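Annotated features in TrEMBL:
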{"type": "DOMAIN", "residues": "145-480", "note": "domain 'RCC1-like'"}
{"type": "REPEAT", "residues": "162-213", "note": "repeat 'RCC1'"}
{"type": "REPEAT", "residues": "214-267", "note": "repeat 'RCC1'"}
{"type": "REPEAT", "residues": "268-320", "note": "repeat 'RCC1'"}
{"type": "REPEAT", "residues": "324-377", "note": "repeat 'RCC1'"}
{"type": "REPEAT", "residues": "378-429", "note": "repeat 'RCC1'"}
{"type": "REPEAT", "residues": "430-496", "note": "repeat 'RCC1'"}
{"type": "REPEAT", "residues": "497-532", "note": "repeat 'RCC1'"}
Amino acid sequence: MDSTASGTPTIQFHNIVEQPISLIPPLQTFQCQKRQCFGDSTPGEFPLAANPYIVLHVLTGCDLEPQDLAKLEVTCSFFRQPANFAPDTELSITELAALDMCHKRAIFKPMTLEEREVLKQRCGGSWKLVLRFLLAGEACTRRERSQAIAGPGHSIAVTSNGTVFSFGSNSSGQLGHGTLEEEWRPRPIRSLQGIRIIQAAAGAGRTMLISDSGRVYAFGKDSFGEVEYGNQGAKLVTTPQLVDSLKDIFVVQAAIGNFFTAVLSREGRVYTFSWGSDMKLGHQTDQNDIEPHLLSGPLENIPVVQIAAGYCYLLVLACEPSGMSVYSVGCGLGGKLGHGSRTDEKHPRLIEQFQTLKLQPMVVAAGAWHAAVVGKDGRVCTWGWGRYGCLGHGNEDCESTPKVVESLSNVKAVHVATGDYTTFIVSDGGDVYSFGCGESSSLGHSTGADGQANRRTNVLNPELVTSLKEVNERVVQISLTNSIYWNAHTFALTDSGKLYAFGAGDKGQLGIELVANQTERDSPGKVDLDLN
């Protein structure tokens, strides 16, 4: 745990009383006089109603989805009536099961009773909705699991136990080792020993890390809103330092865009730094403002589970009682806000097209000039500037509203990553598809279908990354450089904790030693790291 975390009372789960369970009597003595809770207008008695402890134990132990718990309530009145368990005798068995499963979530454990109640009301007044909110956040950001971040010229890798490795460009101290020297070999950040990191974000010359106690550490350029090659942020920070202005906010995710930074609190509130002139993010501030500002507008009372930052815009995945939704704010150039126009938005605005498509968003990705979403049903939508074919629609046209990538109709996607005119999709089976700009070999297509080299060719439709297929590992996450100023590199993380890298490596950002005069890899190479 973070050594700076304050002490909190131990969570007490509902006590499951140990009682002998009687076996069902022999068939000849068992009389079934009523149908048990199925297909009858007046359902019969639930068999285990006399022992609700066992029911609660089963529901909690099976880790049912919130919607499954809700379906049980519809099926039988036993699941929706008060269960008479202390401390809240009015809660139903399904609500108690949802609450107990919330207790298992890392960001829920340290919350006080008052903070939990506030979160419950923000989510819609139900512990099942709170559980849905927590699970959605874990699914789309890999919170509490290993991850790799392909930043602009440098890279960050976080193991499942919270250890952080960094490598690549270090001109601003963004590797956190106390020096300004480049590192091609992944090296742990020693000053973070004893602190468990659960999230990382990388921008040009800047890194942000988030601990399991919600503290934010930053190093590299000291400004939250510098232009990537601007003069702001003259002071360089070469080791992780606590961001003092966020000390009263329990942060679970950070996103670094151009001209601004955004953070997400565990209650689902979004705060932004800088780029507030002319009310571009709903507040009027200086570019170098170091104070976080609550993102005003419709999201003030709607919990957010994920944020994604691109070139001068922010995407927000919100968890509403009616379902998941996406809001966008910032610069509308290229149609990347998804509202059918190229107009800027000073406050978050709901992207309505997903309702028309009957698609429930589960993961959002903000590239430099285009964006993508994966739906619960596995469909993929892209929109924005389609240069080099980065939208996957077979052309280079712009799309100002989300459009389904039809050529992926036979693929159930679970993850998406976007960069500067490049897009990657991960399927539920661990296959990877990519499309867009082929510069720096960052798409992973080292050879074409005819066996000829095409690693620099632009790809207008999604193509299977066969070079990753050949490693015989199931890929669970892709990360790629999201910057218009740096050549891109790409990471593929497998479910066994292995990390593969390809693309630009001129600054050591691949974590793999390149031979003389080599500046990139056109096929995945294994990084000497075990992230599990």
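In case you wondered, yes, glycine gets a Cβ from its N, Cα and C as well.
Between the repeat 'RCC1' (162-213) and the repeat 'RCC1' (378-429) there are fewer than 3 Cβ pairs closer than 8 Å, counting only pairs 6 or more residues apart in sequence, which means the two stretches are not in contact. Long-range Cβ contacts of the repeat 'RCC1' (497-532) within its own chain (Cβ-Cβ under 8 Å, at least 6 residues beyond either end) map to 146-148, 150-151, 153-155, 157-160, 165, 167-169, 182-186, 440-442, 444, 446, 453, 455, 467-468, 471, 473, 480-481, 486-491. Looking at the domain 'RCC1-like' (145-480) alone, the prediction's average pLDDT is 90.
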